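S.K.: Below is one structure. I have some questions about it.
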Amino acid sequence: MVIKKPFIFIFICFLICLLICIDLTNCNTINNNNNNNNNNNNNNNNNNNNNNNNNNNNNNNNNNNNNDNNENHKILKDYLKFTKRFKKSEYPTTEQQDFYINKIKKEIKDREKYKNNIENEILKINSQKKRKKFKRKDLNTDIKTNHEQLRKLIENNVNPNPHYYDETQSFYFTNRMTSNNEKNNKKNLNFNNDNNKINNLINIKNNNIPYINNNNNNNNNNNNNNNNNNKNNNNNNNNKNNNNNNNNKNNNNNNNNKNNNKNKKIIINNNNLINNKLVSETSANMTTMVNSGDASLRSLINFLTTQDNNGLRFFPYSPRDLINPFNATKAISVAFAYNDRQLITPGAFSKENEEIRANQSRSQGLFDPNSPNMNFSSFYDIIDQQQTNFVQNIELSIDYLLNQVYFKEIFSKKDFKTQARDFEALFEFLKQQGTRVVYYYIANDGSNHVECGGSIKPCQDLAYLLQSVPMADRIQTDLVVFFYPGRYNITKRIVIDNFSKVQLVGLFGKDETTLTSNQKMFLFNNTHIHMIGLTIADVNFQMKPLLNIFKTDNLGTGTVFDLRQSIMTILLCDFRNISNRNSLGSVFAYNSNLTVSNTLFENTIAAVGGGIFCCSYSTCIVSNCTFRANIADNPIGGGALIASLSTLFITQSAFYNNKASIGGSVIIDGGFSTVDTSTFEYNTGFVGSAIQISPNSIVYIVNCYFYFNLATYSGASIFCGSSTVVFISKCIFKDNYSPGANGLESYSEKLVLIEESVFEGNIPPLLNSTSVVSIASPSAFLFVRQCSFFGHSGVIFNIGNPSVLYCSFSLFYENSNRIVNSFNNGLIVFGSCKLFNNSNNKSDGIFRINNRSNGIFYAVEFYNNTVSSFFESWFNSTCFLLSSNITNNTFRAGSFQVAFSTDIFVDNLLYSNNTAAEGGLISSDQTGGISVTNSLLIGNTAEFGNLVFFRLLSYSEPNCDSFIFENNTYVDNYAFMAGTIVYFDDTIRCNYSCINCVSVNNNAQYGEIVNTGFATFSSTLPNTIPPSIIRPIILQAFDALGLPYLGRSDITFNLLINLLICDQMSLTGVVQSTSTPTSFSVFYNVRISGAPGTHCNLTVIAFLKTFKNITLEYPITVVNCQEGQDPYNIGGVNSYYCLTDVSKTKIAKIIIGISAIIVSIGVLITAILTFIYRKRKIMRYSNPVFLLIILVGCVCGLVSTFVSFSTTSATCSIRMVLIPLFFFIITSAIFIKQYRVYCLIRGVEELHDMSIENSYLLKLQSFILIIPAILIAVSVIATRMHRKYNFDLQKETIQAYCYSKNFYIIFICLALYEFSILLYGCWIVIKCRQYRSFPGSFNEFFYIGVLIYVLTVILVVSIPIGFALLNSALTDFLLYSIPILVLIVAIIGLLFAPKFYFLFRTDKVIANLRQLIEDQEEILKKNKEVLFTYGMYLGDNNNDIIALHESFSDSDILSKTGSNTSDDVSDDFTFDSPTTYSNIPIPLNRRNNNNNNINNNNNNNNNNNNNNNNNNNNNNNNNILNNNKNNNNDDDASSSNSSSTADFEISSSGESGRSSNDYDKRNNKKNRRKNSLRTPILNSLLSPNSRNKTKKRNKSSQNSPLLD
């Protein structure tokens, strides 16, 4: 279609658009002053001029567009990749194609020009200062330098985005145009396009507006865009003027409207609780993007509130719609001036409106929601007007209350006389005014009579007083009842019905007057009542539960006050310790007006509404009150206050420690409510611990403080039910807790607005919460504006179901969890927000947008955050990031984490100085669309892909057609591993290409700008290899581009053999390896084992983390071992190793072999000699059977030694039997022999007879060998020894040794048994050591004792060494051989060698014996002389010679008692001794015998002391010698006897001559000394038998071997 007169057509379109703009401006903009209007007109004129220029340019472009259709179609197809996803059903018209083709061509030219300029400037910069390799510490300096250089360059070639560019922002790239008209045109187009992106998305989602308008040609599109730009510019100017001048809103002249955003403050209890810096920073960040005049916000709000098909309306048009004053019903309050909508009108509490009126005038200044002029601004007008009416009427009501009391000036005075005087003056004043007021007094000491009630004669009972009031006074007079100080017990319920006005006043205030009762106290019906300065306390009773609390005839539902269609004001009162678990609040209001001011509710308990219960179109005003520790016992809840189907206004009040199941402090159930400047602390409940908002309610919460409220389910601060509209402004939420949402939990499908509020948490938190704000209802709208969220450990916004979150001009900092969690078709919009200093230890992003949800982020700043990622989006979701800034952040994954067909659109982004792991900006699975345009990436670091990291494919197929990368700049980016800009984790599925992009100084540690994942590998396996030769195998990995696979360590290589095909080869060593960042991998210490000549294929498998694998096979042949080595099959089937046997060294074998042969010859010779001389007495002396047993044991030991030269399973089993037999045979034989000697010594028998009977020997030895035999049999059966190899693969050596898993149990038992025998034998040897054989006799038991010692030492030494050097073949060989050979040599030397010596050297032995005897005689003679010398010396000193030495001690003799005829008489015995025998006469012939006995005893004692043994044979010999001496020396004996007899006789006669006694004593001592020095004769030493009383040997008995 060709237009012949285009200028006329353009002019008509321009006029139409101008009229539309004027109309929209009049409807939606704010009226400014004349100066601002002039400025706007000038701006509009300028824009109109620009639009004319744009139209001319567009016409010129259209006239110059004459390209070929095929080429145009190709270009258009590339351009529509982005648009194709939104509208696939319709194809653009020819006019639209021409328009887009011309546009694309021009943009391509501009991009090329811009690219060339950038490259030239970069080259200049590099030539001036050589760039260093990127390092993190130089990042800030590099960026600053680059910014300074690039800013000049960009300003010369690029016109930045005009509506968001300022000096604090970095570079935002838009389309590059050079001419002024093109810049202005592009400026308007960009602004319009940005504002329309949200509108287009919403309209397309609901299939209302197509992406491409087919009904208009390209000229009309341009004109419409210009007109829209004019409108937008006007709106922006108006908004700026509005923010600076605080103008009033359009169509509303109310002076009480909202002020500008810069003057807003958050005030709670007259204290500024928000930092001025925070408020100023929040206000300063507001731009024209999101406000009442902005096109994008207006479109979103209009769409959400005016569309009929989306199921969401902005206002709740329900029967209890409290903001619509034009839908009045017949339900009119009969008590006060309110209609059913509860809109307070001006003058409602004025004196002129005291009478009840049936009709009510409309409120002024309100708008009809159904009016066509209803818009976003007028909505706030409704709220502001309603709030203004509340404030005005509350002030009027308080003033009216104080005026009606009449005594506000004298209320606090406690002087009664002063009060009486003031009252008289007041009464006189009232009479002059004509006011009918009647005053009554009540006192505890008053009396009830007809004349009571005055100040002098007060009444006692209030009920009596009210009953006595005349009917006329009830209707026409104001009754004021004063309570004197005291405590009043109300015993009967007081009913006040149809009174005009009753005022109950406590004189001197609430601290002096208290009302109490044990039942319900007051009922007010159709009455105006004031309660001032009273305390109601200690009311405790129970009443029956109420079935229907809303029946009008069911009166008495409140514990203290019941209001029915009445007006009540409570001022300066206290309600304490009131309990009625079946009541509806301490104060119950039904269809009434209740005002409570400066009042305390403490420790009140009720079923529902612990303090106040307002219902059924009541109006409840609570001002400056405190609710503390109130409880609602019924699950309906309302710990402090409930307002049901009523209007509630709370201001400057505090709620502490209240408790209920639902609504720990306040429940709002229907109606319009305002909570202003109040505090909620330490309240608890199941839900809504501070405020519970039930369905069909509209609540305005402003300037409130919520601190440490606890909910066991959710909504610790506020819980909203369905169909509620909630406005939260200038509030602070701090340290609240619930398992759900600790700030706000909403099930409303309508509107929740939060503005200028602070949500503060603790890190670490005292108690963890799931979220801060939670929207659980479908199709809900959450609007957050100018708020701050910091210090939270839970999710801040939890948006479920298809709901909408719009957040603007808000701050998020120092949080440690997600910001948004949205799923199930939710819509998230963030505009002009800042996120900084946040951290997230979880694996998901701080914005989680899943399950077909959409996220739009415009002009958002992210800086100094340490998180896993910013955006996590899965399952067909969409994310838009427009005109934003991401700087100085640290990501554990990447900024975007998307998968499962999720689309990403990034435009005009500054991404700088960020550190990330896999994927700096985007990490995608290639299943969704990606568009990154007009963006700058500078100074970023990542492990892989600073721009995009393409992860492994998910279950969906890749969507390559939707990848768009255009007009981007990449500067100074660095990758720790590979892929500086783009990295494909898998093989390339979609090619990466960037149109008109610039890349400068981007580096990677290992790879290039673009790298891919693992594709294939190669190895260095040889074709032939000996068995088990250590050989490394080197692998190298490659990517899909044929380059080395760099920067990754995620490939696992396995080397294996297919045993099903090749079962004659085995593989050991490090057969698994992991790839390194340098692409190389090594199999270390690989041993391929098999019999020489085996052929097989080795398989190398590369396992990827996607559970995929790549397999390559290599043929290999096993060849023979090297010289000096043999193949050994160790460790398994076909596990051959080329090893050197080092089990027994040659030197050890030679030495042990020669030694064993020599010992064997010695044993053989010994056996032969023993057999030959078996009948000789010297052999019979030891018992030949005993010697034969010893030789048999030696043979077992020698056999085991020779067997140990070969280590096989059979030899191990033989040795396990022979070695224990050897030791136990030897041990048992010598033990029995030694035990025989011990028995002889203990029995004091003839010591020369040490032979053992054969039967005794065999029986005893068999008995000892029973236990070893059993243990050896068990070891052979249960723990059989077998051969085991001990090899060292590094040294390539092998050793064979005997091994049994559980043999150590048998060994321990054998060792314990062996050592028990040996230790007992050692003890016997020690016991027998005192025995000294006669010189020249053969002492065999001495050699046996030595042999026992030797055997014990051998075992004690060898067993620890064997355990210390366990599993050593050489140690095993030596320990089995050396101890056995040493013991056999000891046996031959100690048992057999002495016998052979006696056999072959008899003469020599006798000669030696004689020489020994002669030597002993000489020694005896010398000893005699010494003793005589001692005796002579001691005799002169009158001392007993026997006491000179311990050998002559008579202590043993003196200790004995017995007859004087005993042979054992002490040598020291004298007649002077104090014994019982001193006076007995002794015959003369007995004295010699006594002397002889004394001498004999002395000799016996000497022998015993010297030998330490009771040797009876020596005693007998000494007796013989002494008798001979007595016979040879009769003269001496007679003289000594005579002298002794004389001494005895003198003593017996009783004479006491000292000289004679001394003489006798000296003679007796001489005789005793003489006899004591006598020695045995030599012949007695040589006699084998004793001469005195000894038993002769039988011929069969063996004598000493010397006599043989």
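Note: Cβ is positioned from N, Cα and C throughout, glycine not excepted.
Quantities reported herein were computed from a predicted structural model and do not represent experimental measurements.
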S.K.: Same topological domain, and so the same side of the membrane, for SER1182 and GLY1362 in Swiss-Prot?
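M.R.: According to Swiss-Prot, which assigns topological domains, SER1182 and GLY1362 fall on opposite sides of the membrane.
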S.K.: Looking at ASN837, ASN1537, which residue has the N-linked glycosylation site feature per Swiss-Prot?
M.R.: ASN837
S.K.: In Swiss-Prot, which of these is labelled N-linked glycosylation site: ASN768, ASN1460?
M.R.: ASN768
S.K.: According to Swiss-Prot, which residue out of ASN359, ASN1588 bears the annotation N-linked glycosylation site?
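M.R.: In Swiss-Prot, ASN359 carries the N-linked glycosylation site label; others show none in the record.
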S.K.: Given the candidates ASN736, ASN864, specify the residue that Swiss-Prot annotates with N-linked glycosylation site.
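M.R.: Among ASN736, ASN864, the one Swiss-Prot marks as N-linked glycosylation site is ASN864.
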S.K.: Of ASN489, ASN1594, which does Swiss-Prot mark as N-linked glycosylation site?
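M.R.: Checked Swiss-Prot: the N-linked glycosylation site annotation sits on ASN489.
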S.K.: Hey, does DSSP put ASN768 (N-linked glycosylation site) in a helix, a strand, or just coil?
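M.R.: DSSP call for ASN768 (N-linked glycosylation site): coil, neither helix nor strand.
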S.K.: With DSSP assignments reduced to helix, strand and coil, which class does ASN991 (N-linked glycosylation site) get?
M.R.: coil
S.K.: What residues, ordered by sequence, lie under 8 A Cβ-to-Cβ from ASN837 (N-linked glycosylation site) and sit at least six positions away in the same chain?
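M.R.: Non-local contacts for ASN837 (N-linked glycosylation site): TYR813, GLU814, ASN864, ASN865.
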S.K.: Closest of the glycosylation sites to ASN876 (N-linked glycosylation site), Cα to Cα, picking from ASN577, ASN768, ASN885, ASN991, ASN1097?
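M.R.: That would be ASN991, nearest by Cα distance.
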S.K.: Provide, as an integer number of angstrom, the distance between the C-alpha atoms of ASN1097 (N-linked glycosylation site) and ASN768 (N-linked glycosylation site).
M.R.: 60
S.K.: Which residues does ASN498 (N-linked glycosylation site) neighbour through Cβ under 8 Å, counting only same-chain ones at least six apart?
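M.R.: Non-local contacts for ASN498 (N-linked glycosylation site): ARG474, ILE475, ASN525, ASN526, THR527.
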S.K.: Sort ASN1097 (N-linked glycosylation site) into helix, strand or coil using the DSSP assignment.
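M.R.: Going by the DSSP assignment, ASN1097 (N-linked glycosylation site) falls within a strand, counted as strand.
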S.K.: I want to check the contact list for ASN577 (N-linked glycosylation site): same chain, sequence separation of six or more, C-beta distance under 8 angstroms. What comes out?
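M.R.: In sequence order, ALA537, ASP538, VAL539, ASN540, GLU602, ASN603, THR604 meet the Cβ cut-off.
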S.K.: Can you work out whether the transmembrane segment (1305-1325) touches the transmembrane segment (1150-1170), with the criterion being 3+ CB pairs under 8 Å where the paired residues are 6 or more apart along the chain?
M.R.: no
S.K.: For a quick check of understanding: among the glycosylation sites ASN768, ASN885, ASN991, ASN1097, which residue's Cβ has the most other Cβ atoms within 10 Å?
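M.R.: Output for this query is ASN885.
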S.K.: Could you check what DSSP calls ASN577 (N-linked glycosylation site) once collapsed to helix, strand or coil?
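M.R.: Its secondary structure by DSSP: strand.
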S.K.: Using C-alpha positions only, work out which of the glycosylation sites ASN885, ASN913, ASN991 is nearest to ASN624 (N-linked glycosylation site).
M.R.: ASN885
